[in-house]
Every structure is written in C-alpha cells, then in structure tokens.
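Chemist: The structure under discussion is supplied below as structure tokens; questions concerning it will follow.
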C-alpha cells in the first residue's frame, strides 16, 4: 500500500504540471486559431515521460539538498567513453526504452514531423535524465545517451512505416506554436517535457514521503 501511494505521488508530480500546461496550450491555440493536440494522445505522452523518469530514477532537488547536507552519495559513476564496457542486453534495453518516444511524438503531435527533430528531442530528454543522475547513486553513461537517442529514431521509423501501410500520406495541420520555426512541431511536446521534468525535480521528495509512510 505504501509503495502504491509513493508511486502515485511520483506520477502526480508529472501529471499535475502536464494538465496545467495542456490547458494553457489549448487556450493559446484557441486565441491564435491553431490546433493543440488531442487530450488522450498528449496524456499518453505524459504518462510515458513519467514512466521513463520512474524507471531511470532521475535525480531531484531533494537529492541535491542531501548532497549539500552531506547525506548524499559520495560520488556518482560517470562513463564518457562510448561502449568501453558495454553490455549488449543493457544497450538493447536502453534503446527499447526510447522507442515509444519516437513513435508517440508524431502520433500525438505532428504526423509529418522530421527525423532530425525526433533525434534531437530524444537526445535532449536522455541528456536531461543522465545529468540528473549525477545527483544520486545512478550511473551516468554516454552509452545510455547514444542508445536512447537511437531508440527514439527507431520508434519514429516504425511510426512512418506503419502510417504508410495504413493511411498513406497524412493530412497537414497547423499545430500550436506554429510560429516557432526553430521547433517545427516540437514546441508543444517540448513544453510538456519541460514541465514534466521540472515538476518531478521540484516536487518529488521520495525521502521525505518515505519517512512519513514507513516511519523511518
């Protein structure tokens, strides 16, 4: 029961900021005559982000405070040499973890999204996770960064192959934040990624809540 409460709390630190951001995007789209993503695909994207942050054990503000208080890990494991000590299974799992990202981005936000944008998005998300792991006892590894990014690209390729088989070319639409050419089709998911990561980083105090639940 306690673990279920802790997990629900962790997911809420991602979903609450997401719903606030989604409401803001819908209002922006209404005022500008653009089109926000549908709720269910966007929610699936947010739940996926929450799952990745949970599985990877991304660091939080409270990990940083523990370090500053002298209670955190003495040092994190950092590997900057690609595939120096890589395990095949580990590399495969890291790629698989980001396959849904590459699939969900065009599915939820823009079917005509380009591979370069998905590649950059996957790299940025993976980099954020890896850097946050410097704050706790998780390993920060360039292999994870490479395989996560390639996994996102593989997911995008799967989406493109599937969409051609089912429907042929997709109809264009004018997404929210269409006036931001630097982020073609990626501004909306980038906002959700930012608020999801910030929400979990700032609000998820697993040590404090665990003390309340388990009486440590």
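Think of each number as a place in line: the chain as shown, counted from 1.
Cβ coordinates are placed from backbone N, Cα and C, and glycine is handled just like the others.
Annotations in TrEMBL come from automatic prediction, not curation.
The domain 'VanZ-like' annotation in TrEMBL covers 45-160. Sequence annotations record features per position, and here TrEMBL assigns transmembrane segment to 6-25, 37-56, 86-108, 115-133, 145-162, 183-203.
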Chemist: State the residues, same chain only, that lie 6 or more residues beyond the ends of the transmembrane segment (37-56) and have a CB under 8 A from a CB inside it; answer 'none' if no residue qualifies.
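Modeler: Beyond its ends, the transmembrane segment (37-56) has Cβ neighbours at 7, 10-11, 14-15, 18, 22, 25, 97-98, 100-101, 104-105, 107-109, 125, 129, 133, 138, 175-176, 188-189, 192-193, 196-197, 200.
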Chemist: Using Cβ atoms only, state whether the transmembrane segment (145-162) and the transmembrane segment (183-203) have three or more pairs under 8 Å that are 6 or more apart in sequence.
Modeler: no
Chemist: Give me the stretch from 6-25, 115-133, 183-203 with the greatest number of Cβ pairs under 8 Å to the transmembrane segment (86-108).
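Modeler: Selected stretch: 115-133, with the most Cβ pairs under 8 Å.
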Chemist: Same chain, outside the transmembrane segment (183-203) by at least 6, Cβ under 8 Å from its Cβ: which residues?
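Modeler: Cβ under 8 Å, 6 or more out: 10, 13-14, 16-18, 20-22, 25, 36-37, 42, 45-46, 49-50, 53, 58-61, 105, 108-110, 112-114, 117, 120-121, 124-125, 128, 132, 175-177.
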Chemist: Residue list, the transmembrane segment (6-25) vs rest of chain: Cβ under 8 Å, 6 or more residues beyond ends.
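Modeler: Residues 36-37, 39, 42-43, 46-47, 49-50, 53-54, 176, 188, 191-192, 195-196, 198-200, 202-204, 206, 209-210, 213 contact the transmembrane segment (6-25) from elsewhere in the chain.
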Chemist: When the pLDDT values for the domain 'VanZ-like' (45-160) are averaged, what is the result?
Modeler: 91
